[in-house]
Amino acid sequence: MIAADSSSPQEPQLASQAPQVSDTNKNHNQEKLRIAAANKQASIEMGEFTGSGEYVTIGEFPSSRTNHSRKVSVLPLVFLIFYEVSGGPFGVEDTVHAAGPFLALLGFLLFPLIWSVPEALITAEMGTMFPENSGYVVWVSSALGPFWGFQQGWMKWLSGVIDNALYPILFLDYLKSGIPALGGGFPRVVATWGLTIVLTYLNYRGMTIVGWVAVCLGVFSLLPFVVMGFLAIPDLKPSRWTVTNPNDINWNLYLNTLFWNLNYWDSISTLAGEVENPKKTLPKALFYAVILVVLGYFFPLLIGTGAVPVNRELWTDGYFSDIALIIGGAWLRWWLQAAAAMSNMGMFVAEMSSDAFQLLGMAERGMLPEFFSKRSRYGTPLIGILFSASGVILLSWLSFQEIVAAENFLYCFGMILEFIAFILLRIKHPNASRPYKIPGGTAGAIIMCIPPTILIGVVLFFSTLKVMVVSLIAMAIGLLMQPCLKFVEKKRWMKFSHSSELPDFGNQEDTRTLVH
């Protein structure tokens, strides 16, 4: 509901009060009044506040960046989310290795309901409430203050960089069966660095290119599983889907692999400033992406476990390529290996975009030095991209399981802050504009957050001591880094600034601080 423009009826009245004015001056005055009325109406369409601070109108939310690059539309956004979260079934093999076919299939049906759907819904509400590149950082800052917003940014950026270090590893794991030299040593190091540099350059060239590259890679990555599904129909034995051994389950590996494959729905919020009409585009893209991700996991697992005799020891990274060889022959195996390689490329560019734009958004909020907010001629955050790429190279020596566990530990704490911020903003600012709002009121929001919070506790409980110590040290660095940056800002050793295009959330009592 848009408030009426009370200034419009005044135009003829003011004109009639000046009968001596020449026709030229009269037309000039009327033109100025028309411009003023149009400007007034434009401000109303973006949202107006009453004197008491209550938000009373809802209009289109323009993204905070309007001049740097073309905006991302629905289809590229769906595949960017797909690659932020999934990228296909490459990497799910460890669920079968850890718990058998039955629990693997059950996990990819139930886990999305417990975790993915609530996280996607929260991202849709909060992302349209704050359509800017700082994403979940501004959610937490608005609810808990800038200190905790910075901690959220640090943990999420670090977990994102750790996550991105996985994709060169997975890329080479799928190729090493065809090119054994990539299995280790100097050739693997060179391949890892070379892949990182090439994909970093794609991010540098702009979000439009990244978005459509994600679409093409997504279609190419999923097609071989569709073909494999048709070829496997004569060999399917449903009895294999129920195989399980309750006494032989690696819960740590099982839960960490499920969690890793079905989280990061909130990462797309750090690209909200680059999205075309985020109020409508973001919720729609999240809805389609949830369906695509779940089917992209469940269907290949159904085919792989049903068409081939179950040997849990063989279900490790890259095993889908062996299944393709059994079902379709060498040509299908090569196709699937190429698809796996392309999928990991897509996940890399999507994750790096999210991480880099998050640093840009934090700089625009004055949380990081101003140079992080500088953009390249393609509209991309050059410094953020370089920092994220450097982190990937430094972490690429870790093993797959160590990376997944460390990333999940940091991500869990970040999600706890998000759930708290989501509920607090519902309680403290019920009248703030929410272009997309999860039904059920505040009570429903609290109930929705309970199952994923319990799941976070379970994942943390099964973490190893080594992962816990490393992750807590990383979190401690963030606790020290924020006051150090404030000291640097106070001494003016580096320049910090707050973008004039973004609202100020410093006054927690005013809902104007929560929206554009």
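Even glycines carry a Cβ here, placed using N, Cα and C.
Summarising the annotation, TrEMBL assigns compositional bias 'Polar residues' to 1-24. Summarising the annotation, TrEMBL assigns region 'Disordered' to 1-28. The feature transmembrane segment is assigned by TrEMBL to 72-92, 98-115, 136-154, 174-202, 209-233, 253-273, 285-307, 319-336, 382-400, 406-427, 439-462, 468-488.
Under the criterion of 3 or more C-beta pairs below 8 Å, with sequence separation of 6 or more, the transmembrane segment (439-462) and the transmembrane segment (468-488) do not qualify as touching, having fewer than 3 such pairs. Between the transmembrane segment (406-427) and the listed ranges 136-154, 253-273, 468-488, the one holding the most Cβ pairs under 8 Å is 136-154.
Counting Cβ pairs under 8 Å to the transmembrane segment (319-336), the top-ranked stretch among 136-154, 253-273, 285-307 is 285-307. Relative to the transmembrane segment (468-488), the listed stretch 136-154 leads the set 98-115, 136-154, 209-233, 285-307 in CB pairs under 8 A. Comparing 98-115, 209-233, 253-273, 285-307 for CB pairs under 8 angstroms to the transmembrane segment (136-154), the maximum falls on 253-273. Here the transmembrane segment (285-307) has long-range neighbours at 74, 77-78, 81-82, 85-86, 88-89, 92, 95-96, 101, 104-105, 108-109, 112, 116-117, 120-121, 123-124, 222, 225, 228-229, 232, 235-238, 240-241, 243, 261-262, 265, 268, 319-320, 323, 326-327, meaning same-chain residues at least 6 beyond its ends whose C-beta is under 8 angstroms from one of its own.
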